[in-house]
């Protein structure tokens, strides 16, 4: 048997080829297309690798946008900002991202019932159930 080099793991897989996203899920997503019945191992690896690189890129740019706004948590606003700044990403991703809504900063969410849609007819509201009747 040939001796293994010091930098390789026992399976013979190079560490740079190791993927962090589940390839089985990527394969299932690829098979959602009706035109695709079989997925080649090399094609699966390339699509998985490019997906992983794209997600790393988007996460880094979103984190940079969060740091610029002096935030510790990445929000949808930061992801949208990162996508807007990178033109190729903005071309296909901005239409898929939800538009951020204005948040009510009053702090009293329980009393902001009039802003919400009315409860459908013949449906008991949980608020009405717990209200004290006098």
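Note that Cβ sites are derived from N, Cα and C of the backbone, with glycine treated the same way.
According to TrEMBL, the protein has these features:
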| type | residues | note |
| --- | --- | --- |
| COMPBIAS | 105-118 | compositional bias 'Basic and acidic residues' |
| DOMAIN | 20-82 | domain 'Transcription factor CBF/NF-Y/archaeal histone' |
| REGION | 96-121 | region 'Disordered' |
Per-residue pLDDT averaged over the domain 'Transcription factor CBF/NF-Y/archaeal histone' (20-82), given as an integer:
93
Please list, for the domain 'Transcription factor CBF/NF-Y/archaeal histone' (20-82), how many residues fall into helix, strand and coil according to DSSP.
43 helix, 0 strand, 20 coil
